[in-house]
Amino acid sequence: MSANFFVYVIVAGQNQDEDIPFTNQSQPKHYKWWIRVISYILFLISGQSAAILLGRLYFDKGGNSKWMATFVQSAGFPILLPFLFYFSPFAKSVPVSVTSVVRRPKISTLVFLYSAFGLLLTGDNLMYSYGLLYLPVSTYSLLCATQLAFNAVFSFFLNSQKFSPFILNSVILLTISASLLAVNSDSENASTVSKGKYVIGFLCTVGASATYSLYLSLVQLSFEKVIKRETFSAVLDMQIYPSFVATCGCVVGLFASGEWRSLSKEMKEYKEGKVSYMMTLIFTAVAWQVASIGLLGLIFEVSSLFSNVISTLTSPVVPILAVIFFHDKMDGIKAMAMLLAIWGFISYIYQQYLDDSKSKVKKKMKANSNKASLGLTGQV
């Protein structure tokens with residue numbers, strides 16, 4: 001985890017400590033861009049996979065507080081504060097010519113933006129906690145792939161994302177994958193939870209996926225219309241401040257619900273002991289922060305839809321790990337759902353490849369056209 005992060009730090013430190021206008025990703029990609037994107041992908045996949053498995057471990061070993069499970073999804077933000085200070089534009093001498101390019105948004109605008117995102121994350125994380133409590137890990141992970149279908153719709157309306165045949169194919173495949181899991185509920189909840197709790201977990205997970213997809217599209221829109229800064233500190237700001245608000249919201253929920261009274265007993269009765277209880281929560285919080293940095297970085301570098309596609313790549317990874325560590329059942333329908341999720345991911349990645357190839361061809365044609373125009377001018 002740390003090795004991957006410092007690979008990014010080396011690259012980002014060379015060209016992302018200055019404020020430059022936010023630009024969309026229609027240009028051909030430089031190799032440094034690919035290094036950053038690959039680093040973000042590794043953060044997202046490793047962090048999200050670890051966080052989901054640790055979250056399930058918390059419930060399996062005796063944890064029962066839904067607000068505590070929600071709290072750790074945002075409470076790890078302090079580990080990012082040193083990086084925020086290092087990449088802060090105020091910590092570096094930025095030329096006047098650069099700072100004058102971008103006019104920073106008002107403080108009141110940023111406070112409203114970060115507060116709204118933080119409250120949205122609080123509700124979203126709580127729904128995810130219900131899903132992780134009542135569903136098998138493999139089912140939960142595959143249902144989270146529906147984020148892509150929701151995000152494609154939100155991106156179309158909010159981010160002007162174009163629908164190509166491959167993107168549409170990806171959305172349809174992931175929707176079918178989730179539908180298969182819905183009709184497979186009877187075979188899964190017989191030995192675990194009641195039918196009612198399974199339905200609650202299913203609806204909460206799908207609802208959380210829709211809410212999170214809306215959040216991602218709004219974040220991308222904010223980067224383009226409000227933040228307008230192409231810096232790593234902008235990514236950190238978008239992670240740290242909403243996480244702070246979300247954490248405060250979870251603390252309020254923890255005390256308002258009365259769950260705080262049972263935390264001491266929960267720790268004592270945790271099957272693996274008090275130390276394991278604390279380490280599970282701490283590592284879960286760290287893993288979610290690593291995943292969030294990867295997610296926001298991909299929104300920043302590519303798009304919210306692409307970040308969601310990478311997020312769905314954990315769909316085939318987590319179920320396999322869940323079978324190994326939690327002995328989840330992997331029947332035919334779930335295996336089919338997993339294969340459809342993989343197919344949907346590959347379909348979208350291929351579309352990204354086509355878009356990048358077209359942008360390179362257009363740039364080459366434009367360069368040749370400019371050379372031809374200069375040649376004609378010289379002859380005249």
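Yeah, the Cβs are placed from backbone N, Cα and C, and that goes for glycine too.
Database features (TrEMBL):
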- 33-55: transmembrane segment (TRANSMEM)
- 67-87: transmembrane segment (TRANSMEM)
- 107-128: transmembrane segment (TRANSMEM)
- 140-160: transmembrane segment (TRANSMEM)
- 166-186: transmembrane segment (TRANSMEM)
- 198-218: transmembrane segment (TRANSMEM)
- 238-256: transmembrane segment (TRANSMEM)
- 277-299: transmembrane segment (TRANSMEM)
- 305-326: transmembrane segment (TRANSMEM)
- 333-350: transmembrane segment (TRANSMEM)
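Stretch with the most C-beta contacts under 8 angstroms to the transmembrane segment (67-87), considering only 33-55, 107-128, 238-256: 238-256. Here the transmembrane segment (198-218) sits apart from the transmembrane segment (333-350); fewer than 3 CB pairs are under 8 Å, leaving out pairs fewer than 6 apart in sequence. The transmembrane segment (305-326) shares the most Cβ pairs under 8 Å with 140-160, out of the stretches 107-128, 140-160, 238-256, 277-299, 333-350. Ranked by the number of CB pairs under 8 Å to the transmembrane segment (33-55), the listed stretches 107-128, 238-256, 277-299, 333-350 are led by 277-299. Only pairs six or more apart in sequence are counted, and the transmembrane segment (140-160) with the transmembrane segment (277-299) gives fewer than three Cβ pairs under 8 Å, not enough to call it a contact.
The largest share of C-beta pairs under 8 angstroms with the transmembrane segment (277-299) comes from 238-256, of the ranges 107-128, 238-256, 333-350. The transmembrane segment (238-256) makes contact with the transmembrane segment (107-128), as judged by at least three Cβ pairs under 8 Å among residues 6 or more apart in sequence. A Cβ distance under 8 Å defines the sequence-distant neighbours of the transmembrane segment (107-128), meaning residues of its chain 6+ beyond its ends; these are 66-67, 70, 73-74, 204-205, 207-208, 211-212, 214-215, 218-219, 222, 226, 237-238, 241-246, 248-250, 253.
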